[in-house]
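K.L.:
Provided herewith is a single structure, encoded as structure tokens, for subsequent inquiry.
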Amino acid sequence: MKTNKILNTSNDLRWQIGEGFHDKLTEGIYSDAATIAQNSVHKKGDAKRFRFDRSLDKIVTSKIWGFPIMILILSVVLWLTIIGANYPSGLLADLLIGEIYPWLKGIGESLGFSWWLSGFLFDGVYLALAWVIAVMLPPMAIFFPLFTLLEDFGYLPRVAFNLDHLLKKSGAHGKQALTMSMGFGCNAAGVIATRIIDSPRERLIAIITNNFSLCNGRWPTQILIASIFIGALVPENFAGAVSTLAVIAIALLGIFFTFIVSLFLSKTMLKGEVSSFTLELPPYRPPRFWKTIYTSLIDRTLIVLWRACIFAAPAGAVIWLISNVSIGDSNIANWMILHMDGFGLLLGLNGVILLAYIVAIPANEIVIPTILMLTVMSAAITGVGEGNGVMFELESVPATGDILKAGGWTLLTAINLMLFSLLHNPCSTTIYTIYKETKSVKWTTIASILPIILGFTVCFIVTQVWRILA
Amino acid sequence: MQKPTNSACEGCDLNQASNLKKLGINIDNNDYVVALAGNPNTGKSTVFNALTGLKQHTGNWPGKTVTRAEGGYNFNNNKYKIVDLPGTYSLLSTSQDEEVARNFILFGKPDVTIIVVDASRLERNLNLVLQILEITNKAVLCLNLMDEATRLDIEIDDRTLARDLGIPVVPTSARSKEGIPELLKTVHQVATGEIICKPHRIKNVPKNINNAIEKLRLEIEATYPNVPNSRWIALRLLDGDERIIEAVKTGEFITE
Amino acid sequence: MTNPVTLLIIFGIVLVLLFILFYPKTGFYWRLQQSYKTDPKILIEDILKKLYHAEDNGTKLSSDHIINSLNSSPKKILETISEMEDKELIRFKKGEIKLSETGMDYALRIIRVHRLWEKYLSEKTGFHKKDWHEIAEKMEHKLDSQQTKQLAINLGNPRFDPHGDPIPTETGEVEQLNGKPLPKFKEGAIGRIIHIEDEPEIIYKQILAEDLHIGSHIHIIEKNKKRIVFHSEGEEFILAPIVANNITISELKKEDISEKDTFRLSNLKEHEHAKIIGISRECRGEIRRRLLDLGFVMNTKIEVDLTSPMRNPRAYLVRDTSIAIRNEQAKFILIEKIKIHAETN
């Protein structure tokens, strides 16, 4: 074989040259580059970097200002997202659920759809879609453009630079600070963002732990439950502040778990993966505002939303089906709730919550509507809700609390739900994204199962200790 | 080598550039395929957008485009397909980005490769340029971010640079679309063979390594006479690049 | 509802059990796996290696020595030794065990795999130095000759392992190191580290903690029975002679001694200027390539651009670009400080 001859020659030559081929070659290329550049480049001044860049860098990476600036910016972005999304979310919900939903039901009726067809299509599939869009779109449409503006300006590499030393302690990469922040918006987007991490080990760590960043889909759940159960513990004047603190505590707990799990992974499963850190600090460039907003909507928001919709539609169908298809004398949902209740109570949760997390795997946004519907159904509460398999949410927070309390919820259930909402498997969009990014069943499985094991463990311990103390 | 001349015809050529018909993604029956390569943070994606009108997101962050983005445009009644490769510092390592970029230039055999460089940091960017010129004969250097270079008081003699590199050089500022019509025209001229490139080949290599490269190059050429980049393949074999070893076994890079 | 205390106790017991079973290395599960595979082949190969190293050092080994130094039952070892004698791998000479020619070939083959695998771990994976030996210790029994050949080709037929030990060739030739242990040199001597022994582990760990690099030049400043003091790459090291004994140095000829003062990039202070001399041999594989690609090559001018709030990483201005690397990596980049005030370039 001629080709073998080439390879044999190459092996012989490699042996003769010995080590350092790559070094010599790179040196050669760079010295060629220097010669060529010398011929054609004329520098009039000796400015190597823009003076503005340097002064700005001195501030944003300084010992005193580096961290406060970062925290301030992240808080502002999150605040704008959570507060700013309320209004458009309400509008969308009014439109999709308040207007279009009854209109669709009307059309179904006029076309003579049987109750199960109209239930399956509109109460199941459509409602799940409508919910995901109404709750997911506005925060993402605010969060991503803000984040992209910072990215385009060039600030984000500086954040990675500032935080690398902290993250390194748990075996992670400085750039993980950014994928984590992105995870506060959406874990699927956070996982995609790990592409910026060029070191294989640190990238896997960032992917697997991204779920511990409390995403947009979970903030509203946390806020709702905290204001019903934790805010109620203190006088009304402090209720808002205390429940906010509780939510922040959960988010911080998530960061804590990110560190612990990163450390665990880098010491065990990821020990042999190659690890390196290099980071270019590019010049600052003024972002083009409108273009950025437009492209980040197209690039990130719509892609993620589209994926979520694909998963939400069948989930809506499943939710409707299990609530309406019967085995024996109860429907599937009730049957499952009954059988999971024991395990749920062991963890300080209940069968409804566990079932809701199973069927609402496509999007954390539909967990609360599903829990409400299932609670009303299984506890046979009359006067609220839209019927079996029809997700709903109430305008009034106290009314929501009443339903949950009627379903047997206590302060302990609420705390555990908040913990479990932080520590459970990623939503199916994220799982799918993890698979696309890692192309590995093994890592996808680990990323999905690890948080749920943690969730079970933490809830179990909290519950049992609580019971001892109570 | 020829440079785009400042003849009277330039006006009409540029005029045709304004006829540039922008196409979206997914164009078949292309007359030419163009690859877009370059270091991270050189405004590569901005050039891509300026050429295609496609709104691809351009992040001020190294290594944004991991998968290839594709687009297309029309010029002089020819359809061009353009592929945006991941931004890399080099093609010699084995990171995922670099493999995507390297494999496309080597195995995808684009008709023209546009190499985008940051004019204010030319020397550093030339590392990648020189490597690409080992792989392909048909390339255009897009000297981007000229506005930033000017602000830093850096002047670049693009004629000398073109002579030294052996490929056409087009200064641009893609953010304000300056130089884009000239870039389109030059790409067309290289694609149609109107401009023949004589790319620079890496010279400053120690003697023993150069001898080894030459010896191996001759053997590769003896087996695969039509390979244009035998020297580069020799380089990669000596570096133990497993993908290239595999390619030599199957001979995939010579299939026309 | 079950008593929470009982539940927590059950949970705790389960946790402890899991811990005992799967704790890395010492866990019951791993031990069970270990004991399964102490098949005769591994024992034979381990004995051969012991004999080879003994002959290399010029020490004599008896059956008792081998029994004491291996982790198997004396009975099994004695059986194996007699089996090896039957197979003519070894022969006895006045109570001392010697390798036969076939035994020697066999031993070299095992050592070749071991060192190649260490080379592989250092170039292609992210395992820490301290783990290489142990992993290679397992792999050396697993690879057949065809796999070994392929491994060597993929690595470019390396001549030395990452500790500086020569890798035996396929035909069993071993290059000789022309160096002496560090304590054999006098004060004032200048040399280059060519080998760092990775056994025994206790001493190797002390050397690792000092962060000495293979290939670096050293200058011995002080030597007495208690300690050896030497300078290397702008830093001072103090070692006990017993530790220093595991470091092999080859003395440099006059013409090889450069006049430049070599420093590690991590030592460069803000506002200082420097020129890169090279990257330490201790920096390998993908990380080395990446640094080279980013322009950390010989004769490149470099200065500190920014220091992060926690002082690590730092960003350096290399070829007009600000590139941040961690101090752990900056240690591998060797520089020479230069004084410039009126730089024209």
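Note that Cβ sites are derived from N, Cα and C of the backbone, with glycine treated the same way.
When I checked TrEMBL for this same protein, it listed these features:
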- A:135-227: domain 'Nucleoside transporter/FeoB GTPase Gate' (DOMAIN)
- A:247-295: domain 'Ferrous iron transport protein B C-terminal' (DOMAIN)
- A:64-85: transmembrane segment (TRANSMEM)
- A:125-150: transmembrane segment (TRANSMEM)
- A:177-197: transmembrane segment (TRANSMEM)
- A:217-234: transmembrane segment (TRANSMEM)
- A:241-265: transmembrane segment (TRANSMEM)
- A:304-322: transmembrane segment (TRANSMEM)
- A:343-360: transmembrane segment (TRANSMEM)
- A:366-385: transmembrane segment (TRANSMEM)
- A:406-423: transmembrane segment (TRANSMEM)
- A:443-466: transmembrane segment (TRANSMEM)
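Context for these features, please: burial, neighbours, distances.
P.N.:
Sorting the domain 'Nucleoside transporter/FeoB GTPase Gate' (A:135-227) by DSSP state (H, G, I as helix; E, B as strand; all else coil) yields 74 helix, 0 strand, 19 coil.
Across the domain 'Ferrous iron transport protein B C-terminal' (A:247-295), the prediction's mean pLDDT works out to 87.
Sequence-distant neighbours of the transmembrane segment (A:177-197) (same chain, 6+ residues past either end, Cβ-Cβ under 8 Å): 74, 78, 81, 139-140, 143-144, 147, 156, 159-160, 162-163, 167, 203, 206-207, 209-217, 251, 255, 258, 300, 304, 307-308, 426-427, 429-430, 432-434, 437.
Long-range neighbours of the transmembrane segment (A:217-234) within the same chain, counting only residues 6 or more positions beyond its ends whose Cβ lies under 8 Å from a Cβ of the stretch, are 82, 135-136, 139, 186, 240, 242-244, 246-247, 250, 363-365, 367-368, 397-398, 400-401, 404, 409, 411, 414-415, 417-418, 421-422, 427.
Below 8 angstroms of C-beta separation, residues 167, 169-172, 176, 180, 184, 204-205, 208-209, 212-214, 219, 222-223, 226-227, 230-231, 233-234, 418-419, 421-423, 450, 454 of the same chain, each at least six residues beyond the ends of the transmembrane segment (A:241-265), sit close to that stretch.
When Cβ-Cβ distances below 8 Å are used as the criterion, the transmembrane segment (A:304-322) is approached by residues 119-120, 123-129, 131-133, 136-137, 140, 186, 188-189, 331-333, 336, 359-363, 366, 370, 373, 389-391, 427-429, 432-433 of the same chain, each at least six residues removed from its ends.
Sequence-distant contacts of the transmembrane segment (A:366-385), counting only residues of its own chain at least 6 positions beyond either end whose CB sits under 8 Å from a CB of the stretch, comprise 128, 131-132, 135, 220-221, 224, 312, 315-316, 319, 323, 333-334, 337, 351-353, 355-357, 359-360, 391-394, 399-400, 403-404, 406-408, 421.
Beyond the transmembrane segment (A:406-423), the same-chain residues lying 6 or more positions past its ends with a Cβ under 8 Å from any Cβ of the stretch are 212, 214, 218, 221-222, 225-226, 228-230, 233, 246-247, 250, 253-254, 257, 347-350, 352-353, 357, 364, 367, 375-376, 378-379, 381, 451-452, 454-455, 458-459, 462-463, 466.
Nonlocal intrachain contacts for the transmembrane segment (A:443-466), taken as residues 6+ away from its ends with a CB within less than 8 angstroms of a stretch CB, comprise 204, 207-208, 211-212, 257, 261, 269, 346-349, 412, 415-416, 419-420, 422-426, 431, 434-435.
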K.L.:
Check for me, if you would, whether the transmembrane segment (A:125-150) reaches the transmembrane segment (A:64-85) - at least 3 Cβ pairs under 8 Å, residues 6 or more apart in sequence.
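P.N.:
Contact between the transmembrane segment (A:125-150) and the transmembrane segment (A:64-85): present.
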K.L.:
Treating G and I as helix alongside H, and B as strand alongside E, what does DSSP give for the domain 'Ferrous iron transport protein B C-terminal' (A:247-295) in helix, strand and coil?
P.N.:
28 helix, 4 strand, 17 coil
